[in-house]
């Protein structure tokens, strides 16, 4: 009987100690786990908020900025440019701007006309003078006839001297009109080229990459010189130079107004103009 009591007591002590130890371990585990959860959450939030790139990068890219005021090429502007290019077929007259022609051809033509001009025929002498020599008259009649003969002689001399002046006017008139038309045409073309070349500018990225070339553009202007459309006829090989040329011409509108004799009664005029982008010339103009 005593042995059974001892076994029961021993079993109770062992069981109670086991429960106590298990409860202690569970309490410690819950304590440390509850303490570690906020720390991990704080580390996560701080990692998200303090995320920076290692190298500081610049936001601005100066080499992509074009020279002049900012220009935005929209889809509507491109569509209007294409429609205006289709309408340009109605323009009847197209001028190619080239260096002014030399006046040597006009001088040669005038010289040839002068050579081919027939010589004026000598005018016959007045018959009245011959009659006065053949007939014998009295001294009183001679005195009366002398004034009339002198008047006739002076009139004949005036006619003979006036003939070269009339011929010189016939030669000079067509030469003056042609030279004036050519002069006005050449002067206007020179004004247009000088106006576009002045402050032409150069894209900064093209300067950095040493990009050069000649852009041939087709410009349609009205009688007042306002630009109606600009298209690239021949590319320079660099898209940034082509776009800069188009933007520059649109920005410089209106161009010098064309003379009336160049328009010829038309309301629109088409120009094909080459624009040269050369870094050496650009830096020379800036110095």
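Numbering starts at 1 and runs along the chain as displayed.
Glycine is no exception: its Cβ is also placed from the backbone N, Cα and C atoms.
TrEMBL labels come from automatic prediction, so no person has curated them.
Keep in mind the model is a prediction, meaning the values are calculated, not measured.
According to TrEMBL, the protein carries these features:
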{"type": "TRANSMEM", "residues": "12-32", "note": "transmembrane segment"}
{"type": "COMPBIAS", "residues": "113-122", "note": "compositional bias 'Basic residues'"}
{"type": "COMPBIAS", "residues": "156-170", "note": "compositional bias 'Polar residues'"}
{"type": "DOMAIN", "residues": "187-286", "note": "domain 'TonB C-terminal'"}
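Here the domain 'TonB C-terminal' (187-286) is broken down by DSSP into helix, strand and coil counts: 41 helix, 28 strand, 31 coil. Residues belonging to the domain 'TonB C-terminal' (187-286) score a mean pLDDT of 93 in the model.
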